Ligand SMILES: CSC[C@H]1O[C@H](OP(=O)(O)O)[C@H](O)[C@@H]1O
């Protein structure tokens with residue numbers, strides 16, 4: 001569990017009415033500013049600007065967004081629609097919204113009781129996220145111990161997958177943090193992750209707070225690190241995992257998977273089962289969020305790096321095929337390889353599932 005001074009996200013009930021408080025991730029690492037969100041348009045804007053970001057915490061934010069709409073008397077169904085559409089790739093957002101709406105409807109679909117039910121479901125999801133982070137960290141560390149006996153390994157990670165994408169410790173970064181705390185992390189290579197620099201700004205900030213041995217590099221330097229034998233494993237998160245095991249994650253992840261395969265390095269994805277979308281049959285069916293071109297052509301508003309009018313290609317995510325994934329670490333066990341039907345099985349396990357000794361590798 002990571003102890004952020006300002007929590008990633010929290011619900012509060014001041015006299016003037018319920019609010020959602022968010023650590024504004026666009027201001028990190030230089031400022032820790034807490035945003036106060038009082039309505040759904042405000043939350044949608046925070047999600048779309050990546051003030052709050054990362055699949056698991058988007059699910060929790062979406063659920064609290066429904067609770068906020070219900071508590072403040074807004075149209076809950078309209079709120080659910082606008083929240084679920086705020087970012088199309090991260091499946092957890094729609095999942096969290098759907099859970100809160102289902103609780104709201106089951107409690108009558110109107111009035112205080114229904115609003116209380118939506119809030120209770122958001123709080124339940126919040127607690128689950130904290131628990132899931134801890135389980136994934138332990139199972140992921142166990143897997144790395146099996147894959148890389150002897151410990152003291154060098155991990156490469158992409159984007160940010162720590163406490164900032166969770167209300168707990170996070171996903172892939174939580175595994176690296178657990179390894180560090182156990183004295184098993186020799187180096188964490190941190191891809192800066194253009195264009196929004198989640199790695200250089202956020203992962204580096206989390207690693208520094210934790211006292212981890214980390215190094216930031218431009219995304220394009222990853223290949224030379226593999227070639228130099230400096231990477232023992234890649235650990236990344238996910239935004240949506242299709243039924244065939246294809247993984248949508250931050251743009252640049254697919255290239256790392258190809259490099260890892262070429263260099264015989266394990267490529268490990270860490271994500272809760274809530275990020276698995278068995279309703280999406282394959283990676284090609286995952287809708288990839290296309291973001292504004294100015295994020296590529298400008299370093300900051302009004303600070304161009306490309307000629308004015310330059311065209312830009314700016315997908316927020318790419319898709320890694322299942323055959324390039326060494327293992328998927330979930331809070332209910334490890335699936336390896338992901339394309340042998342183990343995905344549906346691990347999703348069917350109860351939350352209380354205890355992996356067998358070791359890390360519960362599914363195996364072929
Ligand atoms: C485990 S969720 C973190 C996941 O979310 C990031 O995307 P974004 O920063 O656009 O929300 C990235 O894909 C991370 O792997």
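One is the number of the first residue shown, and numbering goes on along the chain from there.
Backbone N, Cα and C atoms are what each Cβ position is placed from, and that goes for glycine too.
Matching 10, 87, 287, 291 to the substrate binding residues that TrEMBL gives (53, 54, 55, 198, 249, 250) identifies 87. For ligand 1, the neighbouring recorded positions among 53, 87, 159, 249, 250 are 53, 159, 249, 250, by Cβ distance under 6 Å.
As a whole number, the greatest separation of Cα atoms within the substrate-binding residue list 53, 54, 55, 87, 198, 249, 250 is 17 Å.
Taking the binding-site residues 198, 249 in turn, the residue surrounded by the fewest other Cβ atoms inside 10 Å of its Cβ turns out to be 198. For residue 198 (substrate binding site) paired with residue 239 (active site, proton donor), the C-alpha to C-alpha distance reads 14 Å. Listed in sequence order, the residues 50, 58, 90, 159, 160, 165, 237, 239, 316, 317 complete the 8 Å Cβ shell around the substrate site centroid, once 53, 54, 55, 87, 198, 249, 250 themselves are left out.
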